[in-house]
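First comes the structure, then the notes that go with it.
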Amino acid sequence: MSKKCVVVAGGTGGHIFPGIAVADYLKQQGWQVSWIGTPDRMEATVVPKHNIDINFINVKGVRGNGIKRLIKAPFMVLNAILQARKVLKSEKPDVVLAMGGYVTGPTGIAAKSLGIPLVIHEQNAIAGMSNKWLAKFANRVLAAFPSAFATGQAELVGNPVRESVANIAVREVSSPINILVVGGSLGAQVLNTTLPAAFAELGNTNAISVWHQTGKGHLGSVEAAYKSHKFSTENTKVAEFIDDIDTAYGWADIVICRSGALTVSEIATAGKMAVFVPFPHAVDDHQTANAQYLVVANGALLMPQGQFNQQSIVALLSPYLAKPSLIKEMAANAKQQAILDATASVAMHCEQVTNKRA
């Protein structure tokens, strides 16, 4: 009889897509897999597209959402725990794998109360509130970055990323230098408004090509900015969203982007030089901590959003464009920090805790 895993993750792609990667891997190994999420967030539409059955519980974030929700929080969480217990009693999993998001707290508690082994995985360099609590009683605590938990509390396994990212061929840096700009699916206005002028100044003394993801609703203004700075369509590609990010990574010599956990792990896995511009309003400033994992290894550059302007980006990139071997060196350093077997490692830990239960 095959084993069964319930994956718990929700809210953002940074939690959901690593969970899907592990779910797909477990299914290939003969496991049955289902999911617990919330009905009003990304997982509700994304998970079913991957042929994974999903059950829903009702829970919302408490932190930073006002006094009314804080007062109601104990009742909401208790109700969510009861809903999760009902789902788990029906699903009868051998293990629960919690990958982050508000949904993991109540479901992790429900798993513990039912004696179901619990494995948690933290994608960010600073653990979220739910995982900090669940780590106190989880059967196995896994982390993508060494700084997420206290020394000795977690197993370092990396972030599960798509296998296709690891297969991206090493590009020989040559003229023109290819610069990829990715601000997330919604874009990042600081990148959209600053970089066309900065690239124009850099392009006066260096041959560069640009592929810029603007995010929804910003295509026209960014295209106009590049045209105003005399960029031709031959060396500039602007899109609201890049569907094939693997091709974009393969094309790029330098990536300018936010530093969400999955992005940092993908950059390392692809072996690319990055300039990280952390989202300044991330909880606990975890995007800066994520970026530091590569920065301290001389595998990436960091530019705080408050310092991000035309002059600073020109000063930052000019030495690398003038000496492309520095780009190659930084990309190689990033690749050395990648943990390439993260998906298999997470699956292995799920297997191990179920074996101990048998």
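Every residue, even glycine, has its Cβ placed from backbone N, Cα and C.
Annotation source Swiss-Prot lists UDP-N-acetyl-alpha-D-glucosamine binding site at THR12, GLY13, GLY14, ASN124, ARG162, SER185, ILE242, ALA261, LEU262, THR263, VAL264, SER265, GLU266, GLN287, citing sequence analysis.
Long-range C-beta contacts of THR12 (UDP-N-acetyl-alpha-D-glucosamine binding site), restricted to its own chain and to partners at least six residues apart, with a cutoff below 8 Å, comprise MET42, GLY101. For the binding-site residues ILE242, LEU262, VAL264, the ranking by surrounding Cβ atoms (within 10 Å, all protein chains) places VAL264 first. There are 18 other CB atoms within 10 A of the CB of ARG162 (UDP-N-acetyl-alpha-D-glucosamine binding site), with all protein chains counted. Sorted by the number of other CB atoms within 10 A, the binding-site residues GLY14, GLU266 start with GLY14, the lowest.
A coil conformation is recorded for THR12 (UDP-N-acetyl-alpha-D-glucosamine binding site) in the three-state DSSP classification, outside any helix or strand.
When secondary structure is read from DSSP and collapsed to three states, LEU262 (UDP-N-acetyl-alpha-D-glucosamine binding site) falls in the helix class.
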